Amino acid sequence: MERGTASGGASLLKEFHPVQTLQQVENYTALSERASEYLLAVIRSKPNAVICLATGATPLLTYHYLVEKIHQQQVDVSQLTFVKLDEWVDLPLTMPGTCETFLQQHIVQPLGLREDQLISFRSEEINETECERVTNLIARKGGLDLCVLGLGKNGHLGLNEPGESLQPACHISQLDARTQQHEMLKTAGRPVTRGITLGLKDILNAREVLLLVTGEGKQDATDRFLTAKVSTAIPASFLWLHSNFICLINT
């Protein structure tokens, strides 16, 4: 079986693809339930899939449902590789607000994953070499099969922040003022002004992309995203260029 494909070369999520890319759901619970089914379908279709995961409130219930289904249905996860989409810079990885702690608590530990099943940025060692290390690890695995994302309040994707230009590759980013007020950073005890993130090229190279749009304070970013006009002012708008892109939206 080729990377990122089911038997016969079909999309891993083909059975879920509607005529349109956009799927509106009634509430956060329904969105999370459907997203977990997508994830489970990918895992069943390709047991050694490489799946990039966003963190935070948006995908939290999705991951809870996914873990629940995996245990209930006794799905083998021993060959999976998960990739951390981004991380705050200059915070110890063990702090409560880090993306590392989030994934450890909601994916790695509940599923009993081995250490080598998570490709992760090390926030204590952030430099361009760290970008290269993570990029190379993903490449050795054959690239991303699925990237699970959330829409930021300012339209960011991962920590690819709005601006006059965007960096395609994995990079260290200067955080937008709104991102610096992120819920996850409320326990940091210090200002956090930088992040490290996979770039838009890394995301768009994934075989499948699943975007979750839900949460308070995102109406403006959602409205601008839904125009389907690609702009560096809304990094998430670049997902409209992807051929296997599904957006679940609860507005």
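Every residue number used here counts from 1 along the chain in the order it is shown.
Cβ coordinates are placed from backbone N, Cα and C, and glycine is handled just like the others.
Around the Cβ of Asp86 (active site, proton acceptor), the number of neighbouring Cβ atoms within 10 Å comes to 21. Among the features that Swiss-Prot reports, active site, proton acceptor is placed at Asp86 (among others), with the record citing similarity to another entry.
Residues annotated as active site, for ring-opening step in Swiss-Prot, with similarity to another entry given as evidence: Asn154 (among others). A simple way to gauge crowding: the CB of Asn154 (active site, for ring-opening step) has 20 other CB atoms within 10 angstroms, across all the protein chains here.
Annotation comment: Swiss-Prot describes His156 (among others) as active site, proton acceptor. Neighbour density for His156 (active site, proton acceptor): within 10 A of its CB lie 25 other CB atoms from the protein chains shown.
Under the heading active site, for ring-opening step, Swiss-Prot lists Glu161 (among others), citing similarity to another entry as support. Secondary structure from DSSP puts Glu161 (active site, for ring-opening step) in coil.
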Problem set entry | Inter-residue C-alpha distance, Glu161 (active site, for ring-opening step) and Asp86 (active site, proton acceptor) (nearest angstrom) | 12
Exercise. From the Cα of Asp86 (active site, proton acceptor) across to the Cα of His156 (active site, proton acceptor), what is the distance in angstrom?
Worked result: 12
Problem set entry | Structural state of Asn154 (active site, for ring-opening step), classified by DSSP into three states | coil
